[in-house]
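What follows is a set of notes on a single structure, which appears directly below.
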Amino acid sequence: MHGLGNSYIYIDLFSFHLEESKLAPLAIDVANVNTGIGSDGLILIHPSEKADVGMRIFNKDGSEGKNCGNGLRCVAKYAYEQGIVTTKTFTIETKGGNVTAEVHLIGECVDEVTVDMGEPQLRREQIPMLGNPNERVIAEPFPIEEQSIEVTAVSMGNPHAIFFVPTIEQAPLSKLGPVITSDQRFPEGVNVEFVEVVNKQEMHFRVWERGSGITQACGTGACAAVVAAILNGLAEKEKEVCVHLSGGDLFIKWSKDSHVWMRGKAETTATGVFEWTNE
Ligand SMILES: N[C@@H](CCC[C@H](N)C(=O)O)C(=O)O
């Protein structure tokens, strides 16, 4: 399935068991476009004691992420269409916390999903980012490769470093993405986003994802970008922002009660059986 071209192979663990030690190698193998299926990683849909359904996400390199915005919308679509849940609003457990999803139907099929992504976490220790644990990181000078750019850091259950640029075409994504994602100032690595703000309700967005590299879209990243824009006075709370990603648009709102809302498409590409020999 994919959300705006951010594609994962989804495995339904409601009737199937996978050993923990096999998960990282399986993610690497299914994601390989030459010898596997080809995707940005692997997502497990599993029974949960804390929510109506559970989700785990593994990046292309086998590392586990704690949250995935595009994945949440796809899990919501799958859970509703397969009858795992029977109501249009339900909860999903992630390693970054529980969220609430609402599916929007065309006929019997889920077309769009709105997710209450919860509250962003802004203190350095929550990102995590080195420095004073209680401080926020807003437009902080970030020396890198003999230049200094300004970073705003936001956690949406997973870490994001946001850099505002004058034009998205000139964003140094391929040059700085792979360097910043493993910069030692972010002890757990970071998802790197470049953002051009068009106006208070529209922005362009490009991402280098931790563990996967350039992807067409990142849902948690788009939420983090809107939060970062508001923290920098470039957008406003309560007003929906249209975020243009490489794979399409997401609609994000940071409410006065501090919850972040994400709305966008979720699509199924194919279903099938993956022949896997793990030597
Ligand atoms: N594509 C995702 C985020 C996936 C996890 C991320 N790479 C991480 O390691 O934190 C999204 O849509 O949010």
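Count begins at 1; order follows the chain as displayed.
Backbone N, Cα and C atoms are what each Cβ position is placed from, and that goes for glycine too.
What TrEMBL records for this protein:
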BINDING   Asn6, Asn59, Gly69, Asn70, Asn158, Asn191, Glu209, Arg210, Gly219, Thr220  substrate binding site
ACT_SITE  Cys68  active site, proton donor
ACT_SITE  Cys68  active site
ACT_SITE  Cys218  active site, proton acceptor
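Overlay of TrEMBL annotations on the structure.
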residue: Asn6; record: substrate binding site; DSSP (3 states): strand
residue: Cys68; record: active site, proton donor; DSSP (3 states): coil
residue: Asn158; record: substrate binding site; DSSP (3 states): coil
residue: Glu209; record: substrate binding site; DSSP (3 states): strand
residue: Cys218; record: active site, proton acceptor; DSSP (3 states): coil
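Of all the binding-site residues listed (Asn6, Asn158), Asn6 sits in the most crowded Cβ setting, with the most other Cβ atoms within 10 Å. One way to see the shell of the substrate site is to take the Cβ centroid of Asn6, Asn59, Gly69, Asn70, Asn158, Asn191, Glu209, Arg210, Gly219, Thr220; the remaining same-chain residues with a Cβ within 8 Å of it are Ile57, Gly65, Asn67, Cys68, Gly71, Val207, Ser212, Thr215, Cys218, Gly221. Here the Cα atom of Cys68 (active site, proton donor) is found 6 Å from that of Gly219 (substrate binding site).
Taking a C-beta cut-off of under 8 angstroms and a sequence separation of 6 or more, Glu209 (substrate binding site) has the following same-chain neighbours: Asp40, Asn59, Thr181, Asn191, Thr215, Cys218, Gly221.
Of all the active-site residues given, namely Cys68, Cys218, the one with the smallest number of surrounding CB atoms inside 10 A is Cys68. Sequence-distant contacts of Gly219 (substrate binding site), defined as residues of its own chain at least six apart whose C-beta falls under 8 angstroms from its C-beta, comprise Gly3, Asn6, Cys68, Gly69, Asn70, Gly71, Leu72, Arg73, Val115, Leu250, Met262, Gly264.
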